[in-house]
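Asks: According to TrEMBL, the transmembrane segment annotation covers 46-70, 90-109, 116-136, 156-174, 195-223, 229-248, 349-370, 382-405, 426-445, 465-484, 505-525, 549-567.
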Amino acid sequence: MDDIEYSTDKIEKKADEEIISFGKIESGNENQHSPGKRKKCGGWKLASLLLVNQGLATLAFFGVGVNLVLLLTRVLDQDNAVAANNVSKWTGTVYLCSLIGAFLSDSYWGRYLTCAIFQLILVLGLGLLSFDSWFFLISPTGCGDGNKLCNTPSSVGVVMFYLSIYLIALGYGGHQPTVATLGADQFDDSNPNAVISKAAFFSSFYFALNVGSLFSNTILVYYEDSGKWTLGFLVSFGAAIIALLLYLSGTSRYRYVKASGNPLPRVAQVFVAAYRKWGVTPATVGALYEVEGTESAIKGSRKILHSDDFKLLDKAATITSMDLRGPNNPWKLCTVTQVEEAKCVLKMLPIWLCTIIYSVIFTQMASLFVEQGDVMASKLQNFHIPAASMSAFDICSVLIWTGVYRHVVVPVSRSLTGNAKGLTELQRMGTGLIIGMIAMVAAGVTEIQRLKSVSPGSKKSSLSIFWQVPQYVLVGASEVFMYVGQLEFFNGQAPDGIKSFGSSLCMASMSLGNYVSSLLINIVMEVTTRDGGPGWIPDDLNDGHLDRFYFLIAGLTAVDFIIYVYCAKWYNGINLDTSENGIQLEEQQKE
């Protein structure tokens with residue numbers, strides 16, 4: 001035991017010599033960091049600026065995304081199943097790009113620069129799409145309104161179209177999770193109210209997101225549905241420019257968190273070091289390697305206390321005689337904090353995987369819900385209701401349920417559970433799964449009634465499009481529980497060095513949900529057309545059984561919920577060292 005203590009002291013001394021402290025602020029003017037100066041940086045004023053930025057960026061994004069399926073069918077003349085698949089793949093790419101933005105933010109660029117660059121890409125994509133629709137796609141003027149056919153677009157126009165929408169996917173995808181984390185950074189962890197402020201910020205963040213999309217889903221979608229596609233894209237382009245300018249206006253007042261370096265080698269080092277010590281018995285908690293003092297060896301991260309999960313990985317922090325020879329090598333010996341960072345990623349993965357099936361539910365609003373509504377009675381006297389605008393009920397549901405949750409659900413559940421937050425994030429996400437499953441059942445029932453109301457030889461059903469209201473409202477309610485819960489959970493449980501990665505997991509879940517939805521459609525169509533029939537989702541939905549597809553998703557969600565409950569009970573949260581003073585911030589004025 002004495003040898004181990006001696007070894008620990010020796011290695012810690014080496015580490016102290018080799019590790020540059022992350023706690024020092026890179027500024028020559030100490031007066032800038034006085035308490036009085038610090039109060040002028042960050043806080044709700046800057047967080048609110050980021051909320052407005054998010055609302056405008058979302059308006060711009062959904063100005064394209066909400067009606068994309070109809071653009072593909074009406075302007076590019078794609079079949080329903082092909083268009084639904086293309087929308088799912090595009091939406092999946094949007095959210096997959098969130099991982100790229102999170103990686104660059106956590107590793108190299110930091111939150112501020114990452115947000116700025118990806119917003120610039122979003123502006124570029126929207127500008128290119130506006131130009132393309134004006135000169136190449138929308139010909140003759142006003143086509144694509146459901147009645148007036150468009151000319152076959154040129155190959156240049158099609159290439160430019162796909163280039164522009166995937167630039168939009170990259171820009172918005174990389175921006176959203178990073179701006180969410182930057183907003184949370186505006187609250188000082190040393191303030192006791194920071195936890196409450198961050199929880200309120202994430203609810204407000206999703207609220208702002210839906211306020212922005214409400215305009216797109218009502219006003220813009222109406223003009224686009226009537227053939228004024230270019231006008232809709234130009235408005236989105238303008239909103240993105242305003243969002244970028246507002247974001248840049250807060251440059252000198254934001255609170256900045258340093259990038260912590262590439263997390264991939266850090267996580268890989270834990271597994272490699274543990275593998276190299278496969279035959280070594282893990283040391284006791286007190287004998288595991290950790291640097292002395294209040295600072296973690298990972299730049300920008302607080303220390304994480306040891307947990308009993310995945311004990312095999314403790315081998316990576318177990319000191320052996322070989323570790324005393326030569327300089328400290330993180331591929332052979334890792335700190336407890338580094339090991340716990342890897343454990344946190346492993347523990348979050350099962351929870352994250354269980355949220356993917358919910359994203360399959362969510363993605364139906366941008367594809368099959370729209371196609372379903374497009375063949376229903378959509379006239380309100382002389383006013384035509386665009387099918388895509390029905391998602392306004394989803395948005396209104398989110399806005400209403402955000403208030404209901406904070407002012408009704410939280411107080412009631414707090415009195416029942418004794419938890420200050422009311423429901424835990426895991427309970428909140430589980431509730432979202434259940435409501436989402438009910439939404440799919442409602443969509444299936446609506447489709448059954450729609451098919452019963454189809455007259456022979458008629459393309460559209462006589463059933464009112466307002467029968468879709470319950471499914472949209474239920475999906476909206478489920479989002480408040482699932483997606484806001486995800487933002488809080490993954491951001492709160494992610495170590496300091498991978499905070500943006502934690503926020504991006506929510507969007508990555510949406511990404512895989514879209515790809516899984518596309519895969520399900522392909523499998524269903526392959527199986528249901530083997531006997532020569534039209535299948536469940538044919539070009540003419542009146543010949544299919546879309547209701548069965550909705551019920552299939554509901555069944556898969558029920559199975560997923562059972563697995564989720566097991567994973568939630570197994571999960572143990574991150575345990576940060578409470579003696580830390582919080583993440584050191586670069587609070588100097590940016591030149």
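A Cβ is built for glycine as well, from the same backbone N, Cα and C atoms used for every other residue.
Curation does not apply to TrEMBL; its annotations are automatic.
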Asks: Would the transmembrane segment (156-174) and the transmembrane segment (229-248) count as touching if the test is at least 3 Cβ pairs under 8 Å, pairs 6 or more apart?
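Replies: Contact between the transmembrane segment (229-248) and the transmembrane segment (156-174): absent, because fewer than 3 Cβ pairs are under 8 Å.
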Asks: At least three Cβ pairs under 8 Å linking the transmembrane segment (229-248) and the transmembrane segment (382-405), pairs spaced 6 or more in sequence?
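Replies: Contact between the transmembrane segment (382-405) and the transmembrane segment (229-248): absent, because fewer than 3 Cβ pairs are under 8 Å.
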Asks: With the transmembrane segment (195-223) as the reference, find which of 46-70, 90-109, 382-405, 426-445, 465-484 contributes the most Cβ pairs under 8 Å.
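Replies: It is 46-70, which has the most Cβ pairs under 8 Å.
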Asks: Counting only residues 6 or more past its boundaries, what in the same chain has a CB within less than 8 Å of a CB in the transmembrane segment (465-484)?
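Replies: Distant contacts of the transmembrane segment (465-484): 202-203, 206, 355, 358, 361-362, 365, 369, 372-373, 376-378, 385, 387, 390-391, 393-398, 401-402, 405, 428-429, 431-436, 438-440, 442-443, 446, 449-450, 506.
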Asks: In the same chain, who gets a Cβ under 8 Å from the transmembrane segment (382-405) while lying at least 6 residues past its ends?
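Replies: For the transmembrane segment (382-405), the far contacts come to 66-67, 69-70, 203, 206-207, 210-211, 213-214, 217-218, 221-222, 224-225, 365-366, 369-374, 376, 465, 468-469, 472-477, 479-481, 484.
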Asks: Under 8 Å, at least three CB pairs between the transmembrane segment (90-109) and the transmembrane segment (505-525) (pairs 6 or more apart)?
Replies: yes
Asks: Count the CB pairs under 8 A between the transmembrane segment (46-70) and each of 349-370, 426-445, 505-525, then give me the winner.
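Replies: When the Cβ pairs under 8 Å are tallied, 349-370 comes out ahead.
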